[in-house]
Each structure stands twice: as structure tokens, then as C-alpha cells.
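Peer 1: Take this structure first; my questions come after.
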Amino acid sequence: MDNNNLWQRVLEELRLSVSKPYYQTLFLQTTLISLENNVATVSCTNPYVQGMIENRYYSLLKSILDSQTKNNNSLVFVIKTITKQESKEIGPLFEKEAVRKPVFDTHTGLNPKYTFSSFVVGNSNNFAHAAAQAIIQNPGGAYNPFFIWGGVGVGKTHLMQAIGHAILEKNSDFKVLYTPSENFTNELVQALQDKNISVFKKRYRSIDVFLVDDIQFISGKEYSQEEFFHTFNALYMAGKQIVLTSDRPPSEITKVEERLISRFMGGLTVDIQAPDYETRLAILKAKRLEKNLTIDDAVLDIIAQNISSNTRELEGLLSQLVTQASSSHTELNTDFAKSFFGIQKQKTSKILQPKNVIAAVSRQFQIKTSDLTGVSRRAEFVFPRQIIMYLLRDELKIPLVKIGEMLGGRDHTTIIHGSEKIRQLFNNDASIKQQIMLIKQTLSE
Amino acid sequence: MKLVILQEDLNKALVTVSRSVSSKSSLPILANILLETEEGRLKLSATNLEVGINYWLGVKIDNEGSITIPARIVNELIASLPAAKIELETKESTLFLSTNNFKINVAGLDSAEFPKVPFFPKNPLAVFGKEDLIKGLSQVVIAAAQDEGRPVLTGVLFTSRIEGLTMVATDGYRLSLKKISAQEIDKSVEKLIIPGKTLQEVVRIAQETADNKGGSITIKLGLTTEKSQAVFSFPNIDFSTRLIEGEFPDYQKIIPQSSTTKVIFGKEEFLRAIKTASIIAREQANIVKLVIDPVGSSGKMTITAETAQVGANESEIEAKTEGEKLEIAFNYRFLLDFLNVVEGDEIIFEAGGPLAPGVFKPTGDDSFLHIIMPVRIQG
């Protein structure tokens, strides 16, 4: 019998002899540390408890232990405080060391944060991602140039730099250079001033992977364009990989020479759309992992639902939320997130009654409800009546026969015909769609 | 037991001792106070298993003895009596109290059940002056965490120095450090972590302590022989507390060694400006902003608060400014906590940027340092 079991039995027997409060306060947290040479070492959590047991319960404890072990024992008490599991986070004051600025690689200009492991693939960017993978397998051979375009903060730069990182990882001797087009222009101007344009040319023409960000900024800068054109050609002819990003497709970049545009379009052009809901949620979860935050999925869900524009904003809001919660010492839960976004607790949607629908339609078309539910088949009554049929069937899911009864005892085939007709018009006719949306809106108010 | 005591003395002792009585223990005996004659004096003891107190009173003893009595009831009873001599007598487990006009008996419990409350050991770890200790503890305890989730941070770390002790507390958002002078320091004990809550009680007891002869009072700190509890010894009172086990975070590395902006300003002016700003700030995130611009507008510091639904506030105070322009925001509660305990007329504030910890200290006093983590602000 091991010490734990033995002590368990002793305590169970003891429980019968002492009152419950004493048992709980004094004995519940004791343990038998060892039993050697008839000396039992018992740990207590607290010196007061130790004193009370020693003074009042020593003989009782001893007699129970003796009868359990069939031996003559003596007891020794030691104090051992229970140390609770310390949570590792000890507040922002101590986090200073952990937060380090990303060190830009001065050689390649790549940001170490932007790798494929932190790139979330979703519907909006899976094609671009797949193309990028092909390029990594065969730099300069698969798609050259690779032209990525999309709105602000959708991940163009991230994808581009990830390509750079991945190629470097595979071929460490490759010369990868990431540069915003603005930098290209500035360096060119500097080189012209310093009169060492040949150094500039040499630098840019000895690259294996050339990543140019925001190429649209080259528009209107003629000399930059010319130099870029030559660099482009030189690299392209040598089979080097070129990746470009822009906020619009090549054909829409203005004030750029035709020959440059046509070269941009010579490879593969892909666009990245703003992330959809699932991707946004996945991005937030990735950020949570990256920043080592403890946030509920439900909170991330609220953020993903409320921010639809781009990833950068998503990330910004997440950290804003975290800082606000920690600075106001409140827990970051769904209530906090909701109040942050100013979401009222949703009112329970009231249950729509068929008569409300009929009333709403009658108001919209200025026709008496009795006419709508009556027998007359005059054209001005029939169309609104069909809208009612559509709404009752599609929105309220009322059985056809029942709708027929409500609208003056009409046959269910009439209802099918009427609602189908409106559904078609709803999908094809903008003005009718608008009318119906208006009715729906008055119903939901 | 039979003795005579003055109502004022007993009442004062009961008020102090009662604060260490357990308010919610399941053990009935812990809701009681132990009365026991000891070497010609009456000893009152109480404990909640976290802290314990022994309080000695001068009395006239006819018969030795002891009893435990319910703290709450006896406390109220004695407080309601007029100032006069009270005769205390025990018969079995009942305490009889009588004055000229009152006769009261209270059912007690056998004193043998009562846990032993530790005494002050022979050798102190340190000896403090009363005022030094009150001031020092008050300045540090404010930064101890309330949240029991991180037990170590609910305590104050004591480490020994050559001429005294260093006390540090932090809740992860702010940190308070005080170097306190002390005598007879035992350097064999490297560090102790004492719960902040019980140190607040130490401050209260110290404040209540007065020397009859008007001399200066010293307070001793020691460890029980098993080193499981710390004991503070006041004249006629021993107050003991459990210690917190664990590793205190390495606070030294977060004390900034340099700064880019430095301001010196008057404490009262600053306090008033923060209080005004807090009226606006408390409606939302408790954020007040300090704007320091040594180049553009030297000689002043601007304090602002803004809450969308409520309004905005801006105040200017005179300040000596040095270094770079800085806009930094703090939770005003942390600022008020600090301002309420800091001494002196002038404060030095230094920071190394809007997101770097802000260091506050009084001018001409290197013994006290308070660090507050700023709040990130937009724009």
C-alpha cells in the first residue's frame, strides 16, 4: 500500500471522529510524505494548522495510523505550502524584452515577419498562392514576370516577400532584392547626383530575384521608367525572376510607357481580393498564435464579422482591442468586444404575422387589404397579391394551401405561379427588387 | 481567571485584534479571541490562519487563567460600555463582565482548542523607525496586485542592503520601489515576500501605536524559528503573517536606465490637473495624456483627457522640460495612487518614448521610485 492510499484511509477514518469544519480546515490538505522506520512525516499547508493538529489531534491521528499499519508509529509534521501554478504573463511592464522590432535584412530588404508560415490562404488569394508556389519551384521559369495586384492591405507585399524568403531558403546563394518602386527611383536619382550610374546598373542587374513593390508609383517618372525598362529587360533575358505588385491591373496603370505595360502583362497577372469571413477568422487565429494572446474564439468571430475591408485593419483592431482591455483591466470577452464595436445586444426579431405582410403590401401599393384578399382579378390587385404570395411562401414559409385560404380561397397552383413569377422578377428586375426590399424593410422595423 | 481592566484599554485592544479574526472560517474557534493571563499581563490573541496577533495589556490580576470569546459580540459589548473599570471573571467556559452598573455573561470556548499564535523571535532581521516603516510600506503596497491569480505579485519583496532594506511591489502595470533605512540587518536572509494585504494591516497597527512617554518607536521584523512566518513586533503587539513562496519577477531589468524626455513639476499642481482630467477620463478608459514639448513650448506640461460622449479637458502646469517632445498616456488611477503616497513638493518624470515605462520620483530623494506602464494611444 503506498503512502497516498494509506493516508486516504487514515483520513476517511478520521472523518468519522472529527466534525466537518475541523476535518476540512485541518486535515483535508495534509499529505503523508513518508513512512520510514515507523516515523510518519506529514505535511501541513500552514503553521497554525500544524500547531492545532499537534496539540489536539496527535493521539487520535496516531491511533488511527497505528491500527491501519498494525505498527507503533510516531508522527512528525512539516509545513509545505501549496504553490499555485503561476501564470506566465506578468503584465506589460515585463513584456518589454519580448517585443522586438522586426530586423530588416539590409541585404535583401525582406521583412522576416512576412513568410509563408504566417500567410493565411483563403478563397481570395489561393490562386495567387498556388502561382507563387510554382515560382518557388522554378524561379524565372514558371511565370515571369509575376504581377500581383489588389487593394490596400490584402497581402500583396506579404506574398511577394514570402516568395523571396522561400527562394532564399531553397537556394541560399541566390541574390534576392526587395525594393519599393519609390526606392528604385530614389536610388537612381542619388546615383545620378553622385555620377556613379554604372554602380547602380551593376547592382540591379546582378540580382537573381527582383521584387518590386507598388510599381504604379513609377507612373509619370520617365527617366525611372527608362532605367527600369532596361533593368527589366536585362533580368528577363537572363532568366531571372521578377515579381511586381500594384494596386491596379497593368492595363490601368496610367502614364507608363506602352512597352513597359506590355512587358508587365507578359507573364502571369493575378489579383488578390479582400479576405472573406472564413479567411479573416483564420488570419485572426494566426495572429493570436503569433502574438501569444489568450482570446476567445467568440471574440475573434466578432472582430471578423465587423471588419471586412482588409487584413491590416484586422490586425490593427485586434491589438487595439487587446490594449484597451489590458489598460482598463477588464477581461477581453465577447461583451467587451461588442461594446468596443458598439454593437447593441441584438433584439430578438419579432415574429412576422401574415397579416402584417398583407398590411405592409397594402400600404406600399395604396390598396385596401379587402381588395388584396378579395376575388377581383384586376391587374392592379393581381401584382401586389403575387408579391404577398411570394413573401408568405419564401419569407414566412407558410404552406401553399394556407396562403390560398388567406388570399380569398385561391388554389395552391395559383400561389405557386404567383410566387414563382415574383421570384423571377426579383432576380431580374431592379425596380421590382427595390420595391420588395422596401416592403421587407418596413416589415423588419 | 479573574482580573480588573480599564474599558478604554480593552476596547482599543479589541478593535485592533478583531481585524485579524477570521471573518469566514468554518472553524468556530477562529471567530474567537483568546484572553489569557501571562506574566502579570493580559494577552489577547487572534488569527485567521493567514495572519496572527498577540496584544498585551497591563491589568490587575487576581487569578490566572484563559478563555476564548466570540470577537464580534464582545467587541460591540465593550464598545458600548462607559469608560470605567471592568471586572472579568471566567467560570468554566463562560466569561462574566461586570462594572458598577452592568452585568454581562458571554458563552466562550475552551482555550485549549485555540491555535498558537507566533511570538517575535529572539533575533530580528531588521529594526525600523515607525514613521519610516509607515511611509515606506504605504508607498510600495499600492503597486501590489489584488488579483490572486499571480500570488507572487500580491506580495512585497524585501531584500537586504547595506544600510537597510529594499521593498518592491508590482502588479505588472506599475512598480514601486522603496529603499528603507533599518538597523540590525540580518543579511543571511536574502529575500522575503510578504502579502501586500497584511502589510496594509502592519501600517494600520503602526499608525495606532503610540508611545506613552512620547519617545520614538521602533518596529522589528523577524522570522519564526521554522522560517515559515514573518513577525512584526510593535510595543506590546506581535503581528505575524504567512510568507509567499515563489520567484519574484526580475524587476531590475525593467527599471529604465536612460530616458529621452525629462520633466520636473509641482506635485500639488499636477495632482489638481489629474483630478480634473479624471472626471472626464473615468467615463471611458481612464486615460489621461501628458504632452511635453521642450522645444516648441518649454516651461510647461499639458494634461488632457477626452471622452467622446462627455467632453474634453486640457490643463497646463508649469514644468521644467528637457529632451524630446513626448505625448504619453496613463491610466489616471495609477497616477493618483502614486501622488497620494509620494512626499515632497516636486516630482521628476522621465520616459524614453510614448510606449516606454514612465519613471516618477520625488526630487532630492533617491529612495523612492515608481514606474507606470503607459497606455497605447491612437494618432
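Placement of Cβ uses the backbone N, Cα and C atoms for every residue, glycine included.
Just so you know, TrEMBL annotations never went through curation; they're auto-generated.
What you are looking at is a predicted structure, and each value in this text was computed from that prediction instead of being measured.
TrEMBL lists these features:
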type: REGION; residues: A:1-97; note: region 'Domain I, interacts with DnaA modulators'
type: REGION; residues: A:109-325; note: region 'Domain III, AAA+ region'
type: DOMAIN; residues: A:142-276; note: domain 'AAA+ ATPase'
type: BINDING; residues: A:Gly153, A:Gly155, A:Lys156, A:Thr157; note: ATP binding site
type: REGION; residues: A:326-445; note: region 'Domain IV, binds dsDNA'
type: DOMAIN; residues: A:353-422; note: domain 'Chromosomal replication initiator DnaA C-terminal'
Peer 1: Would you kindly determine which binding-site residues in the set A:Gly153, A:Gly155, A:Lys156, A:Thr157 have their Cβ under 8 angstroms from any Cβ of chain B, listing them in sequence order or replying 'none'?
Peer 2: none
Peer 1: Go through A:Gly153, A:Gly155, the listed binding-site residues, and name the one with the sparsest Cβ surroundings, counting other Cβ atoms within 10 Å.
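Peer 2: Relative to the other binding-site residues in A:Gly153, A:Gly155, A:Gly153 has the fewest Cβ atoms within 10 Å.
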Peer 1: An 8 Å radius from the center of the A:Gly153, A:Gly155, A:Lys156, A:Thr157 Cβ atoms defines the neighbourhood of the ATP site; name the other residues of that chain inside it, in order.
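Peer 2: For the ATP site the neighbour list reads A:Gly150, A:Val152, A:Val154, A:His158, A:Leu159, A:Thr245, A:Ile272, A:Thr311, A:Arg312.
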Peer 1: Tell me, what is the mean pLDDT of the domain 'Chromosomal replication initiator DnaA C-terminal' (A:353-422)?
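Peer 2: Mean pLDDT, the domain 'Chromosomal replication initiator DnaA C-terminal' (A:353-422): 86.
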Peer 1: My understanding is the cutoff is Cβ-Cβ under 8 Å with a sequence separation of 6 or more in the same chain; which residues meet that for A:Lys156 (ATP binding site)?
Peer 2: A:Ile148, A:Trp149, A:Gly150, A:Asp213, A:Thr245, A:Ile272
Peer 1: Once the chains shown are all counted, how many other Cβ atoms turn up within 10 Å of the Cβ of A:Thr157 (ATP binding site)?
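Peer 2: 18, counting other Cβ atoms within 10 Å of A:Thr157 (ATP binding site).
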Peer 1: Going by DSSP, give the three-state secondary structure for A:Thr157 (ATP binding site).
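Peer 2: SS state of A:Thr157 (ATP binding site) = helix.
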